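S.K.: Please see the structure below; I have some questions.
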Amino acid sequence: MQAYFDQLDRVRYEGSKSSNPLAFRHYNPDELVLGKRMEEHLRFAACYWHTFCWNGADMFGVGAFNRPWQQPGEALALAKRKADVAFEFFHKLHVPFYCFHDVDVSPEGASLKEYINNFAQMVDVLAGKQEESGVKLLWGTANCFTNPRYGAGAATNPDPEVFSWAATQVVTAMEATHKLGGENYVLWGGREGYETLLNTDLRQEREQLGRFMQMVVEHKHKIGFQGTLLIEPKPQEPTKHQYDYDAATVYGFLKQFGLEKEIKLNIEANHATLAGHSFHHEIATAIALGLFGSVDANRGDAQLGWDTDQFPNSVEENALVMYEILKAGGFTTGGLNFDAKVRRQSTDKYDLFYGHIGAMDTMALALKIAARMIEDGELDKRIAQRYSGWNSELGQQILKGQMSLADLAKYAQEHHLSPVHQSGRQEQLENLVNHYLFDK
């Protein structure tokens with residue numbers, strides 16, 4: 001079959017002096033960073049949905065893209081053509097991984113039977129493509145939010161029959177992910193929330209969602225899936241309020257239902273923006289809570305109240321994110337999935353490459369800067385100094401539960417404590433970060 005991207009062989013690393021827009025300037029897969037290949041640090045993935053499923057439509061306009069697999073025709077044949085183009089793209093872009101929702105890769109059909117049969121056929125197609133190309137599945141998931149049946153949610157739906165349909169999709173998608181060697185399975189509660197409290201039983205919906213997640217964990221162990229289960233937090237959109245609001249909220253939910261050892265987090269930059277947090281904050285929080293799993297790398301727009309899903313282009317922001325990830329030991333089963341789409345006006349098919357190339361270069365440069373911060377160790381040293389008092393006898397007695405509140409009150413009076421505030425030196429530390437970013 002003729003190549004879709006027929007004007008491009010492969011995207012290659014040409015160095016920072018290159019002016020070729022279809023070449024990497026900073027992402028060199030084989031470059032060693034802290035003793036590990038850059039490709040192994042970053043574990044890039046391209047997503048199926050924004051890249052090959054979105055037709056350019058928005059709330060104010062119809063589809064703007066002319067993709068051959070989005071034209072009228074036999075659904076399975078079009079899905080197979082889409083897979084041809086997707087794996088051509090993955091190969092030419094040099095991404096080692098990809099991600100999908102079930103209905104991204106397979107026609108949903110008019111019944112559960114059709115859904116299952118179509119998906120089974122496409123899983124065989126994807127398995128062949130993976131073997132042919134060497135591209136692997138970072139994670140799979142089920143789309144339990146687009147179909148009108150999920151208007152009131154999937155796991156939190158007031159109708160147990162809808163709950164059961166969603167369970168069927170998750171079983172099918174997880175087993176497909178397992179068969180394809182996927183390293184993670186993601187759960188994003190697109191409509192697991194509410195529009196108004198006037199028709200919502202919060203306790204009931206929370207119990208339903210908790211039981212659904214428990215069943216997901218049970219099924220994972222039943223089929224022998226060794227990958228990581230991931231929840232992707234988001235505060236709102238499409239619902240007014242979603243139950244997986246942010247990393248800290250999800251932690252409380254997992255603790256309530258005894259799932260904190262079973263499920264980790266897939267953190268998306270744009271979702272952090274919508275929650276009123278920085279991307280850095282959500283990554284650091286997930287790590288501090290022991291829940292860090294994977295990343296959807298993109299960016300939002302602080303002036304807009306919706307999920308713009310733009311490609312990441314801020315080295316400053318992502319250097320701090322990569323610094324946290326490196327300090328935590330790096331990715332295990334997770335990676336950097338580009339949950340991002342070209343703009344509606346970007347109608348040339350090669351715009352898909354420009355978006356991903358810029359994002360990959362951004363993350364590569366961020367990685368190298370983060371590595372310099374790790375090697376220098378100055379930020380860690382400053383934090384250690386700031387909290388050094390907790391290594392004293394008093395600090396350790398407090399942390400080990402050897403002092404009560406009354407004991408501390410007595411200690412403070414007997415020792416005539418009069419502590420003096422020590423400067424946090426925020427401005428100096430911000431200057432230090434700029435040194436790593438901009439001084440060669």
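Cβ from N, Cα, C; glycine included.
Feature table excerpt (Swiss-Prot):
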ACT_SITE  His101  active site
ACT_SITE  Asp104  active site
BINDING   Glu232, Glu268, Asp296, Asp339  Mg(2+) 1 binding site
BINDING   Glu268, His271, Asp307, Asp309  Mg(2+) 2 binding site
S.K.: Could you name the residues, excluding Glu232, Glu268, Asp296, Asp339, of the same chain that surround the Mg(2+) 1 site, i.e. Cβ within 8 Å of the Cβ centre of those residues, in sequence order?
M.R.: Trp188, Asn266, Ile267, Ala269, Asn270, His271, Val295, Asn298, Asn337
S.K.: From the Cα of Asp309 (Mg(2+) 2 binding site) across to the Cα of Glu268 (Mg(2+) 1 binding site), what is the distance in angstrom?
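M.R.: With distance taken Cα to Cα, Asp309 (Mg(2+) 2 binding site) is 9 Å from Glu268 (Mg(2+) 1 binding site).
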S.K.: Taking Cα-Cα distance, which of the recorded positions His101, His271, Asp309 are within 10 Å of Asp339 (Mg(2+) 1 binding site)?
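M.R.: Close recorded positions: Asp309.
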S.K.: Could you state the CA-to-CA distance between Glu232 (Mg(2+) 1 binding site) and Asp104 (active site) to the nearest Å?
M.R.: 18
S.K.: Cα-Cα separation of Asp309 (Mg(2+) 2 binding site) and His101 (active site), in Å?
M.R.: 17
S.K.: State which of the following recorded positions has the fewest other Cβ atoms within 10 Å around its Cβ: Asp104, Glu268, Asp296, Asp307.
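M.R.: Result for the recorded positions Asp104, Glu268, Asp296, Asp307: minimum number of other Cβ atoms within 10 Å at Asp307.
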S.K.: I need the most crowded of these binding-site residues: Glu232, Asp309, Asp339. Count other C-beta atoms within 10 angstroms of each C-beta and give me the top one.
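M.R.: That would be Asp339, with the highest Cβ count within 10 Å.
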S.K.: Taking just the CA atoms, what is the gap between His271 (Mg(2+) 2 binding site) and His101 (active site) in Å?
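M.R.: It is 18 Å, counting Cα to Cα.
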S.K.: If you take the centroid of the Cβ atoms of Glu268, His271, Asp307, Asp309, the listed Mg(2+) 2 site, which other residues of that chain have their Cβ within 8 Å of it?
M.R.: Lys234, Ala269, Asn270, Thr273, Leu274, Asp296, Asn298, Gly300, Thr308, Asp339
S.K.: Please identify which of His101, His271 has the densest Cβ environment, defined as other Cβ atoms within 10 Å, among these recorded positions.
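M.R.: Compared across His101, His271, the most Cβ atoms within 10 Å surround His271.
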S.K.: How big is the Cα-to-Cα gap, in Å, between His101 (active site) and Asp296 (Mg(2+) 1 binding site)?
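M.R.: Distance between the two Cα atoms comes out at 14 Å.
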S.K.: Taking only the Cα atoms, work out how far Asp104 (active site) lies from Asp296 (Mg(2+) 1 binding site), in Å, as a whole number.
M.R.: 17
